[in-house]
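According to Swiss-Prot, the transmembrane segment annotation covers 2-22, 31-51, 52-72, 94-114, 143-163, 178-198, 212-232, 266-286, 288-308, 351-371.
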Amino acid sequence: MVIPELFSAGLILLLLFITGFVGMKMKIPDVVIFILLGIAVGGLLSGSHLLHFAGEVGIVLLFFMLGMEFPLKQLMSIAKKVLRAGILDVALSFGVTMAICMMMGLDVITSLIIGGVAYATSSSITAKMLESSKRMANPESEFMLGLLIFEDLVAPILVAVLVGLTAGMALTAGSMSLLVVKVVALVAGAVILGVFLFRKLGSFFDRHMKHDLFILFVIGLALMYGGLALYLDLSEVLGAFLAGIMLAEVKRTHELELMVVRFRDLLLPLFFLYFGTTISFSEGIPMIPLLILVLVWSVIAKVIVGVLGGRWYGLTKKVSLRAGLSLTQRGEFSIIIASLAAGSIKAFSSVFILASAMIGILLFQFAPSIANKFYGKKAKTSVKQHVGSA
């Protein structure tokens, strides 16, 4: 007797709830829990097109909502404040990691993928831990969130480049130029629509946002622009993020987020679950020496970015160290990039993500006490505040 898909869908959602609830009680991020669940049930769900599509919609809505947080003027302001730290982050976390992989004998595309996996700190894990540990009011939180936003701007473009390269595009000057043209065209389209169309539709949104039909317009826009990015052989993540930036120009972010958030919360766990089902350890954990090397470097790189970037931002040495130790966990963007890989590289990336998430959680929790051991318990909140009070 064939099990109805409706029953299977309900069972999957209940399993996600149970494992997520257990993870919450154990203070393990739900991202990690859902991936582990996917690995455990991979034999039953592998190759499910419906699960893949539902998860894809979930990740599109995640980055659509992220884009809605940042009107163009705010994006430019944040980018300027953390620009030096952001560039250092790209150079160390992405560039040096890629160089390490190439020195260990990997090809350029594989090295790019692993560098991409090691690049971005998990926004969701970091934000949740800042809130749960009551450190959101600490002086380092503004710098950390600014750096995360910078990564959120860079990472979709990085994903778009990697999507193009893993789709079979040769790494030549011509192919890279074409890729840049596509990205610029997609970004320009979003900026033009945002500034010249959506910025003028505030009254239209006010009149119609409360109608049940309006959610079709909002989510339809996110899916369509994400789909346009896929049509251009770019990433749906970039398209969704840009669609969010478009709607941010309406200046009705809070109301629009309330419309979308429940759909995101329903579908996003399915993305992490599906990713887990695609991971296979049938041949064991590949390239263990390289894995350890990349894992150690990924922690060191983020600490350096936090220490130097925090000082450039105006934080004290102690607060900067606390920030650096709180940035080492990888998550959603690393998973998106890892999903572009195949076979042993996907398994390698998956172990790295899970290990870095767990190490990052521990370092985040012990960051204040470690910083106290280095610099003592009393420290001024920031260089700027100290100068101002003097």
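For all residues, glycine too, the Cβ spot is worked out from N, Cα and C.
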Stretch with greatest number of CB pairs under 8 Å, the transmembrane segment (266-286) reference, 2-22, 52-72, 94-114, 143-163 candidates: 52-72
Residues from the same chain, set at least six apart from the ends of the transmembrane segment (2-22), whose C-beta lies under 8 A from its own: 30, 33-34, 36-37, 41, 45, 50-51, 266, 269-270, 273
Stretch among 52-72, 178-198, 288-308 sharing the most Cβ pairs under 8 Å with the transmembrane segment (94-114): 288-308
Non-local residues, at least 6 beyond the ends, that sit with Cβ under 8 Å of the transmembrane segment (288-308): 85, 88-89, 92-93, 96-97, 100-101, 104, 106, 114, 118, 121, 144, 147, 317, 320-328, 330, 348, 351-352, 355-356, 359, 363
